[in-house]
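Quick notes on the structure that follows.
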Amino acid sequence: MRGSALLDLILFLLVSPLAHSFKGSEISKFYDKSISNQISQSDRESGYVLVSTVDGSISLVDMSSQKLDWTFHTNEPIYSSYQAPHYHYTTDEERSSVLGDDFYMDCDKDWRLYNSSVRKGKRVNEIVDASEFIGTLPYTSTDRIVLGKKDTSVFLLDWKTGKLVKRYRMDELYSNTVVENDKEKAIVLSKEAPLLFGSGFKKSEDFPELVYIERKDFKIQCISKFGDVLWSVSYAKMEAKLQNHESVQFISGLSSSVGKNQFPLSYTTSVPMVQLRNVKYETLFPRLGFLDEALYLPFQDRKPNQLAIGDGNQLTLPGNKEAEEVLSLPLPETVISQITDIIDGSTKQAGFASKFSGLIVLIFGFCVTMLSVCGLFFYRLRQSIRIKEPYVSEVPIATPKKKKSKKNGTTKAVHKKENGFISGGNKDPSHEENEKRLLTAFPGLNNSSAEGYRVGKLFVSNKEIAKGSNGTVVLEGSYEGRLVAVKRLVQSHHDVAQKEILNLMASDKHSNIVRWYGVDQDEHFIYISLELCACSLNDLIYASSALLESPMASSSIHSIQINPIFENGKGVELWKENGHPSPVLLKLMRDIVAGLVHLHDIGIVHRDLKPQNVLIVKNSSLCAKLSDMGISKRLPADTSALTRNSTGLGSGSSGWQAPEQLRNERQTRAVDLFSLGCVLFFCMTGGKHPYGDNYERDVNVLNDQKDLFLIESLPEAVHLLTGLLNPDPNLRPRAQDVMHHPLFWNSDMRLSFLRDASDRVELENREEGSQLLAALESTAAVTLNGRWDEKLDSIFLDNIGRYRRYKFDSIRDLLRVIRNKLNHYRELPKELQELLGSVPEGFERYFSSRFPKLLIQVYTVLFDYCNNEEFFFKYSKTTVF
């Protein structure tokens with residue numbers, strides 16, 4: 001450690017003088033006029049000027065001393081625009097329908113929004129007010145949609161240093177309070193903000209001067225009917241205002257004299273500000289580069305000590321005062337010798353000698369830096385080699401055994417494992433050697449063996465099952481003698497791990513949630529021991545679909561590690577010959593819904609439901625289980641939606657997110673229902689997606705452009721998915737309702753419902769104008785598609801005609817026929833029984849094949865009119881399939 005620290009110090013001392021070797025700055029003549037035209041004569045003679053470049057950087061220039069005082073990088077550009085090229089469209093019809101009259105919008109050099117269109121063969125630019133125009137949006141037509149948005153934000157900076165004190169945005173606002181002298185004082189700073197001042201200031205001169213950078217962002221986008229972005233423009237207008245000392249007192253502690261209707265912040269002095277649309281910070285100050293900020297030494301963790309008191313409130317104890325100090329190296333004093341000339345509209349060229357000397361210093365600094373880094377690397381490598389041989393534990397554990405590989409035709413070697421669980425495929429010898437070196441390099445892994453290493457009660461194998469994002473890896477392992485999947489997360493993601501553990505504990509012991517056994521950690525990683533599963537739903541569907549298309553595809557199944565499910569090269573039957581889901585697939589789909597029902601019942605929103613996060617376990621039958629709840633959220637008590645701060649950007653996976661997730665809007669349990677619709681479609685179609693290919697899914701989700709053509713032969717699926725994929729989250733069904741949807745009913749349940757529906761409809765009096773009966777018969781055109789007698793066999797019609805007469809255009813009479821023949825099936829002639837098939841499968845298939853929409857149409861009507869009646873509870877409240 002001493003050698004490492006010494007090398008770090010040498011590296012720092014060698015590099016730090018480079019910061020002092022750059023003096024002066026040059027600004028190209030090309031930008032002189034655009035700056036000087038925006039500055040008044042009085043501002044050019046004295047005072048300060050703030051210069052903002054297109055990348056969002058803000059620099060303070062002191063006119064009296066001709067120095068660049070500081071630069072603050074917002075990392076948010078103040079201007080960007082895009083226009084789709086005409087040649088993007090392959091046909092003249094597409095080009096004309098999409099581009100129309102070549103209308104687009106942009107902002108000019110004076111930061112004024114204008115619309116540009118062709119009128120009478122000439123292009124005309126018309127200045128418009130951005131705020132008023134956005135207020136009229138959205139605009140929709142047959143060939144385009146124009147969307148707009150206006151955001152406001154404020155950056156509170158220390159006037160002297162340019163350091164960020166606080167950023168105010170609508171999606172980030174929250175307050176923080178402390179207690180002092182039994183009085184509550186408001187603190188502007190958040191926990192993450194630099195501690196520039198706090199509640200201890202008593203005099204106005206103790207407060208730093210603050211500058212408020214007010215920013216207004218305008219965003220406008222035009223989208224074609226094909227979902228393509230035709231053009232977009234985003235730009236910002238910024239103003240700066242300097243805060244006086246008296247106003248700052250209102251920030252630190254509200255005075256009792258301030259009335260309820262008074263706004264405590266009053267601006268006093270405006271600071272001139274210049275916005276350069278086509279200039280980047282590096283272009284304006286080409287020789288400053290990385291020297292625009294001070295170099296900071298590492299500081300200690302200054303998180304306040306907290307004690308839980310009372311009903312869970314936290315008492316914040318005073319932290320270490322020394323830890324609050326942030327040490328920094330002095331920022332080099334950069335003299336901008338030409339700043340006066342810039343404002344006046346003229347510049348001087350730097351000499352060749354100055355440029356050449358600067359280049360030499362850069363090359364020298366780069367060489368010294370690389371040599372120092374290489375020296376540090378080889379020193380640490382040498383230290384790692386000195387580590388003793390790892391200790392091999394003698395405790396008997398279920399260590400995965402190596403199996404000889406076997407080949408199937410042209411297939412590469414495939415590893416099989418006991419108990420039908422997955423294992424890694426072939427590994428390159430060099431890769432295995434690298435793994436051993438990795439274990440040796442980490443001091444925390446000293447107690448490792450050739451097969452893996454032990455952490456507490458957990459033995460972690462070197463066999464990798466899967467990889468996740470942000471360094472997360474899933475490995476095989478053993479926890480107290482039980483085979484488990486070990487989810488290894490880096491320590492920096494401790495919050496994600498803790499959240500997943502808490503949610504797993506809350507949802508544990510449900511048959512459709514992955515079991516959690518324990519958690520361990522070492523210096524580098526957190527290890528979560530989970531139930532070991534055979535594969536993911538994603539792998540199962542793709543492999544089964546490949547086998548369905550070509551039986552020879554079994555030779556490549558090992559690539560997705562699901563060999564145990566496919567015995568003798570044969571996969572499980574997930575689809576019937578007609579393409580409809582098999583009972584096995586329907587059970588897996590029900591398992592997913594059941595797991596989601598359980599999570600929602602205990603107040604957990606998964607937020608990342610997708611085929612990769614549904615795992616398959618093979619026991620006596622296949623079972624689906626929900627997993628990977630690292631970004632799931634617990635709903636607060638007595639609430640149905642997540643708070644604004646807890647929704648979070650980036651929740652979920654691209655292509656599987658609800659539109660409100662993509663827009664970062666209010667999120668409820670309904671976000672999981674939308675993802676569920678996509679997952680169910682994925683299952684029924686053998687790996688397809690209702691919103692198209694990967695690159696276009698999110699755009700299609702936002703535009704509600706789904707395609708359910710592949711499941712049109714299954715009306716129950718169309719009905720369910722149309723509800724689940726509704727863009728309005730309030731109109732999506734609950735998970736509990738999905739659980740009882742007719743899509744998941746077996747043949748016995750379907751026939752039982754049609755029989756009970758007929759009994760219920762018979763109670764209605766046709767002559768009294770029954771609303772239920774009228775609603776049912778109104779669906780005849782869709783349900784029957786003509787007369788129902790035209791779709792039945794003559795032998796069947798002869799049999800029913802012997803007893804009574806029927807109306808062949810009435811759904812009520814068709815239900816009566818089905819009910820009567822089902823009740824008297826044993827009394828039917830043998831040839832008619834053979835025609836109808838056995839009860840329930842054959843009998844139900846006879847009618848559903850001729851009237852595929854009968855069940856869902858009758859269900860929809862009775863759900864609306866009889867949902868609260870006792871006979872209907874069997875189909876909407878109980879889980880009978």
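A Cβ is built for glycine as well, from the same backbone N, Cα and C atoms used for every other residue.
Site annotation for ATP in Swiss-Prot covers I465, A466, K467, G468, S469, N470, G471, T472, V473, and the matching candidate from K457, K487 is K487. As annotated in Swiss-Prot, region 'ATP selon article' covers the listed stretch 481-502 rather than the other ranges in 481-502, 613-634, 767-788.
Matching 402-421, 422-441, 642-661 against Swiss-Prot, the residues noted as region 'Disordered' span 642-661. Record check of N115, N446 in Swiss-Prot: the feature N-linked glycosylation site is attached to N115.
Mapped onto DSSP helix, strand and coil, the domain 'KEN' (747-878) counts 96 helix, 0 strand, 36 coil.
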